[in-house]
Amino acid sequence: MAGGAVVSATEGKDYPGKLTMFVFLTCIVAATGGLIFGYDIGISGGVTSMDPFLKKFFPSVYRKEKEDKSTNQYCKFDSQLLTTFTSSLYLAALIASFFASTVTRLFGRKWSMFGGGLVFLVGAALNGAAENVSMLIFGRILLGIGVGFANQSVPVYLSEMAPARLRGMLNMCFQLMITIGILCANLINYGSDKIKAGWGWRLSLALAAVPAAIITLGSLFLPDTPNSLIDRGYDEAALQMLRRIRGTDDIDEEYNDLVVASEESKKIQHPWANILKRKYRPQLTMAIAIPFFQQLTGINVIEFYAPVLFKTIGFGNNSSLLSAVIIGLVNVLCTLVSIFTVDKLGRRKLFLQGGTQMFICQVIVGTLIAIKFGTSGEGDMPKTYAAFVVVFICIYVAGFAWSWGPLGWLVPSEIFPLEIRSAGQSINVSVNMLFTFAIAQAFLSMLCHFKFGLFYFFAGWVVIMTIFIAFLLPETKNVPIEEMVVVWKRHWFWGKFIADEDVHVSGMAVEISNGKPKGAGV
Ligand code: BGC
């Protein structure tokens with residue numbers, strides 16, 4: 001069949017077309033939505049460790065920190081009030097992502113990005129100018145709304161624009177931008193902490209306006225995805241867009257498949273009720289389990305509290321912030337490893353390798369801390385010993401950066417059929433935010449109570465999630481997004497949830513034998 005789709009038995013179709021400059025640039029611009037999330041993750045830990053900030057907004061925390069002469073290293077920084085500042089944003093993001101689902105579906109992905117960027121911009125201004133705690137918290141809520149909208153729309157946008165065989169790579173630019181955002185924030189905190197006049201924290205918070213301006217303006221230039229255009233009735237525009245992004249006129253096959261997917265999705269009145277149907281059980285399970293597990297790797301303990309953690313093991317203020325910068329750098333560089341391997345190695349191999357690496361490092365870090373501080377939390381850590389701890393934390397972050405970090409956003413965005421994609425992505429974002437919130441809120445008191453055991457606690461979860469992936473996540477590399485159902489149908493466990501008549505993929509004769517599609521010719 002001239003120029004038609006090629007189907008491989010294991011991976012699905014490969015539509016004609018190449019990676020055009022146009023699609024590459026649109027994906028880079030859209031991915032900058034990750035900057036605002038990353039900037040926020042990286043900025044709050046440093047700001048809350050700055051004395052002028054604490055004195056102005058949280059004087060009681062400041063007094064406690066200065067007066068507390070207790071020798072228990074594990075409990076030095078336990079303050080619920082302070083963690084509320086960090087975690088309030090994630091609650092706002094959680095709620096916003098549900099509204100974002102409707103905007104994304106009805107008006108297209110780009111307007112969710114635009115709206116998110118704009119609200120974030122206002123939040124940044126409010127935070128930079130904050131005179132009292134209410135301004136600060138209100139600003140945080142606006143930032144959270146921005147993050148909710150961006151995280152809901154950007155990963156879906158990237159997965160829909162990308163050609164199937166490069167989807168992993170392009171989608172992961174979102175995570176790359178998150179890590180760049182974190183690193184920039186770490187660097188800015190490192191510099192602004194040195195401002196003697198005491199307004200460094202204002203600079204840190206107000207500079208969030210820069211990434212916000214990038215995504216707000218950038219989104220205005222973004223085209224909508226063909227999937228979304230068809231879904232909203234702009235068939236001709238979708239056809240043209242598909243030609244443009246694939247760089248070929250030979251797009252009929254892909255176009256027809258998108259139309260079929262859209263027709264299926266039109267039959268659905270209520271995506272929220274629909275997602276509960278038995279045939280979507282595999283996707284729903286993943287939309288909940290993947291973000292839940294991503295947070296239970298313990299990564300945000302490092303992201304939010306690295307400076308505090310390093311102070312706990314005896315580092316000075318400056319070297320704590322510097323160590324956070326080093327970790328930020330490792331995070332960016334190792335995300336690149338994933339970007340260049342994910343479409344060749346596949347998702348599963350990265351998940352399994354990264355999980356094993358994280359587990360080993362967590363056990364080592366927990367043990368190193370246990371040897372020095374025991375359960376009493378009393379003791380000192382010599383410099384070289386503490387440097388070892390930092391090295392293993394870096395290896396742990398590397399493992400996360402090429403597995404659960406990017407895959408935690410990629411996999412959920414590529415497994416949903418169009419009819420439940422927006423709703424599914426909202427569930428993914430909100431579960432992610434809920435557990436980001438829970439961990440941000442609970443970490444300092446968990447450290448105080450679990451002590452070094454906290455690292456074993458997260459290591460235990462990493463074992464569970466690695467086993468979960470090994471048995472329950474099918475490989476999704478190179479499978480066109482609107483044909484993912486075939487992957488689930490073939491799976492030893494999830495196949496049972498999908499009836500033969502639910503596998504309707506146009507142009508692809510999916511041979512069903514004993515209830516299993518065999519992957520066949522066109
Ligand atoms: C996670 C964040 C985390 C970041 C670290 C993201 O994928 O969702 O919670 O802070 O990776 O790089």
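Each residue, glycine too, has its Cβ placed from N, Cα and C.
The annotation transmembrane segment is assigned in TrEMBL to 19-39, 81-99, 136-158, 170-188, 200-222, 284-302, 322-342, 354-373, 385-405, 426-447, 453-473. TrEMBL lists 26-477 with the feature domain 'Major facilitator superfamily (MFS) profile'.
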Please identify the stretch among 19-39, 136-158, 453-473 with the greatest number of Cβ pairs below 8 Å relative to the transmembrane segment (284-302).
453-473
Quick one: do the transmembrane segment (81-99) and the transmembrane segment (322-342) have at least 3 Cβ pairs under 8 Å, skipping pairs fewer than 6 apart in sequence?
no
Does the transmembrane segment (200-222) reach the transmembrane segment (170-188) with at least 3 CB pairs under 8 A, where each pair is 6 or more residues apart?
yes
Outside the transmembrane segment (170-188), six or more residues from its ends: residues with CB under 8 Å to it
23-24, 27-28, 30-43, 46, 154-155, 158-159, 161-162, 203-204, 207, 211, 303, 321, 324-325, 327-329, 331-332, 335-336, 338-339, 342, 401, 405-406, 409-410, 413-414
Lying 6 or more residues past either end of the transmembrane segment (426-447) yet within Cβ distance under 8 Å of it, the residues of that chain are 74-75, 77-80, 82-84, 86-87, 90-91, 93-95, 97-98, 100-101, 147-148, 151-152, 275, 284, 287-288, 290-292, 294-296, 298, 300-301, 304-305, 308, 312, 408, 412-413, 454, 457
What parts of the chain pack near the transmembrane segment (322-342), using Cβ distances under 8 Å and only residues at least 6 beyond its ends?
42, 45-46, 168-169, 172-173, 175-176, 179-180, 182-183, 186-187, 189-190, 302, 306-307, 310, 315, 350, 390, 393-394, 397-398, 400-403, 405-407, 410, 477
Mean pLDDT for the domain 'Major facilitator superfamily (MFS) profile' (26-477), as a whole number?
89
Surrounding residues of the transmembrane segment (354-373) on its own chain - C-beta under 8 Å, 6+ positions past either end
73-74, 297-298, 313, 379-381, 385, 388-389, 392-393, 395-396, 398-400, 402-404, 451-456, 458-459, 462-463, 465-466, 469
